[in-house]
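Peer 1: Attaching a single structure in structure tokens format; questions to follow.
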Amino acid sequence: MYDTMSRALKTISSSDGAVRIYCCGPTVYRDAHVGNLRTFLLSDLISRTLQMTGLEVTLVQNITDVGHMADDFSEEDKMLAESEKTKVDPFEIARTFEARFHLDLQRLNIQGADSYPRASEKMPQMIAAIEKLIDLNYAYVGSDGSVYFDATSFPTYGALSGNKLEALKPGHRYEFTDEGGKRFHADWALWKLAGARTQMIWDSPWGAGFPGWHIECSAMSIELLDGHVDLHIGGIDLRFPHHENERAQSDSLTGDETVDTWVHGEHLLFEGRKMSKSAGNVVLLQDVIDRGLDPLSLRFALLENRYRSQMDLSWASLEAAHSTLKRWRQLLADSGSGVELKFDQEISDAFTTDLDTPRAMQRIRAIEKDSTIGALDKRALFLFADQVLGLELDRGVESKEPSDEIKALLAARITARAEKNWSLSDSLRDQLSEAGLEIKDGANGQEWSWR
Ligand code: AMP
Ligand code: ZN
């Protein structure tokens, strides 16, 4: 995998039985959009690839339900801002969106992590980590009573992101909040005093308050992965300041290079634009499902792009993914029911070489077209690839008998077309499509299949 820190490919191995992976999880004050899901899929694809090669994996993914500042650095906590807007208890909001996050993972066939620690339930660990950082002189209590990490105390600060301390300009805000109490502009808060805030605050040796976002990931990864992370995963936007700060904290706490390999996934655009609430173009997995598309067509479309390149997703590519997925499932359904896998060097190499999923998909397409490969072998090769692709290619295609009502609509549409009543034929198509049917008008007249 390409390691952001050394800017080179690194071999992933297990330092202790299983490969210990930490993936930054969702901030649960809203639904994860298809871009967030691209990043969560990345850790699934890597885990599955490692498992394919015979390694075991321990995966931890945190749930940020406190401490994450707003995107725009306005001085608001995301959870509390949403709570203020909707008048719903912040913890209730968090639990609702956490459940929806898990539902999305299931729909995308993402294997569950070994644990999903919630930040709000790891206060003792975070407070202990902050106390230790103060003891070791990496952190200090600022003039406002909040606790800050002293960026200058960590000699290789900036090595991960390339943002060296001397280049970070004073006056620019790298971090949220009234951080008037810090000594140096690049320092960041580990513990913030409650001030006027009354919700989501905890007692601490420095007074009631709440933790900074970055300390959450250090405390949880060190506790749950036993002081060492073989592989750390997140979206590219987290490289700075989140991961740069996490590295400084974790390494100061363990006295060692805590993370072996840092993997960052590039961002997803939708129809050429960055997804944002303000632009109104945020796409959720539910939107994909509401269009009658299989949720795994999102997984399919994401697999066709390398995780390290920025990707532009569109409805057209999701539609295309949906129909190819169906064709592949049909191919497997037609070729028997055995579950034998056949190893393929090229597919294996593609996955293990910095997760080259487009190459694996190309190889599958070539196998599909290759008339010298028998149906059973094709099936076994597809199933081999599906260990990582996770497209449920062996699920079969829906073949249920349509209801009498649907049969009547189909018949009515044949009549409408014979009478050249195109507007009626179109509206019948829409009704059938809503009922889950896909209609094609070919040389043999009207044909239909389940979506
Ligand atoms: P958040 O819920 O905002 O904390 O983000 C969860 C994960 O999604 C983080 O790893 C982000 O880096 C990642 N992420 C945010 N936006 C995108 C995007 N457009 N494409 C891919 N990943 C993203
Ligand atoms: Zn994190």
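Glycine is no exception: its Cβ is also placed from the backbone N, Cα and C atoms.
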Peer 1: When TrEMBL marks a stretch as motif ''KMSKS' region', which of 114-118, 239-243, 274-278 is it?
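Peer 2: Comparing 114-118, 239-243, 274-278 with TrEMBL, motif ''KMSKS' region' matches 274-278.
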Peer 1: State the residue range annotated as motif ''HIGH' region' by TrEMBL; the candidates are 4-14, 26-36, 202-212.
Peer 2: 26-36
Peer 1: Cα-Cα separation of Cys24 (Zn(2+) binding site) and Lys277 (ATP binding site), in Å?
Peer 2: 21
Peer 1: Grab the same-chain neighbours of the motif ''HIGH' region' (26-36) for me: Cβ-Cβ under 8 Å, and only residues 6 or more beyond its ends, written as numbers and ranges.
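Peer 2: Hits for the motif ''HIGH' region' (26-36): 63-65, 68, 78-79, 81-82, 93-95, 97-98, 100-101, 104, 235, 267-270, 275, 277, 282-286, 288, 298, 313.
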Peer 1: Reduced to three states, what secondary structure does DSSP give Glu246 (Zn(2+) binding site)?
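Peer 2: For Glu246 (Zn(2+) binding site) - judged by DSSP and reduced to three states - the answer is helix.
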Peer 1: Can you list, in sequence order, the residues of the same chain other than Cys24, Cys217, His242, Glu246 whose CB lies within 8 Å of the CB centroid of the Zn(2+) site?
Peer 2: Trp213, His214, Glu216, Ser218, His232, Gly234, Leu238, His243, Asn245
Peer 1: How many Å lie between the Cα of His242 (Zn(2+) binding site) and the Cα of Lys277 (ATP binding site)?
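Peer 2: Approximately 22 Å lies between the Cα of His242 (Zn(2+) binding site) and that of Lys277 (ATP binding site).
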Peer 1: With an 8 Å cut-off on Cβ-Cβ distance and a minimum sequence separation of at least 6, pull the same-chain contacts of Lys277 (ATP binding site), or say none.
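Peer 2: Once residues fewer than 6 apart are set aside, Lys277 (ATP binding site) is near Arg30.
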Peer 1: Would you report the average pLDDT that the model assigns to the motif ''HIGH' region' (26-36)?
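Peer 2: Mean per-residue confidence for the motif ''HIGH' region' (26-36): 94 out of 100.
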